[in-house]
Structures are given as structure tokens and as C-alpha cells.
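Below is one structure, written out as C-alpha cells, with a few remarks after it.
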Amino acid sequence: MRLRLIAVGSRMPRWVEEGWHEYARRLPPELALELLEIPLHTRSKNADVARLIRQEGEAMLGKVQPGERIVTLEVAGKSWSTEQLAAELERWRLDARTVNLMVGGPEGLAPEVCARSEQRWSLSPLTLPHPLVRILIGEQLYRAWTLLSGHPYHK
């Protein structure tokens, strides 16, 4: 099974890249975790933000192949405990489809992306900085995998 994080934004600080790669490399090859970055369009004072969000959404959906699962990360999504995330991860594994985790830009996800989502996941009711979200997703997926594998990381 492939897990892909499709996120709006690029040129993250080095600590973000290191944190992401640390958790991605810890996962086994049969649970490959990949990051696809969608460039964030420049938001000027007079920018048509709705149009920019639509363009970013189109670019995100352009990375998804027919039949692949889309899971959007949204504040209004469902909060999962570690055990619940582990159960979802196991369901995704058994489903054998690529799972695309979608993280929008500063204004969120395009409505077209949300409409295609099979599941909505909320990391927290708090507004989190996008660089930190990447690391949190990687760590939580790793933690869920260790729980399923009986690894002592999750205690």
C-alpha cells in the first residue's frame, strides 16, 4: 500500500524536511510514505484567492489516479485516537488502494477536493501550522503502524 501526502506549499524549513523524512524512512517498504508538494500560489493584496484555491485543488486532484482513496485533513473532520487511526490504517492496507492524504493551503482545501474525499480526518480542533502538520501526520502514521506491529514505540 502506498500512502501519499499531497500538500499545498513547498520550500519548507530544513527541520520540517528532516522530521518528515525521519518518520517516512521508519515505515516499512510495504507501507511507503511519499510527499507530493503543490506550489502555493502567491497571495497578493488584490489576488482572487478563490481562484487560487481552485487552481491548487485542481493540481492536487491531478496527482490522484482513478480508484485511489482521498482522505482530506480538515478541522471539521473526524478526530481519531491512535487506536482508531491504527484501525483505519489496517482497513486501508486491506483495501490495497493508494491513500492520498490532502492538506490544503492557508485558506484550506478547494471544495472540489473535499467533494471527492472518502474520509475527513482532523488532527486537532486547533489551527496548526502547515509545516508542523506534515511532521504530525508522519509521526502519527508511524505510531499507528507500530501499534499494529506490536512495536514498543507506542506505549
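Glycine too: its Cβ is placed from the backbone N, Cα and C atoms.
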Residue in Leu73, Leu85, Leu147, Leu148 which Swiss-Prot records at the S-adenosyl-L-methionine site where Gly104, Leu123, Ser124, Pro125, Leu126, Thr127, Leu128 also bind: Leu73
Largest tally of Cβ atoms lying within 10 Å of a Cβ, found at which of the binding-site residues Leu123, Leu128: Leu123
Pro125 (S-adenosyl-L-methionine binding site): tally of other CB atoms within 10 A of its CB: 9
Fewest other C-beta atoms within 10 angstroms, as judged across Leu73, Leu126, which are the binding-site residues: Leu126
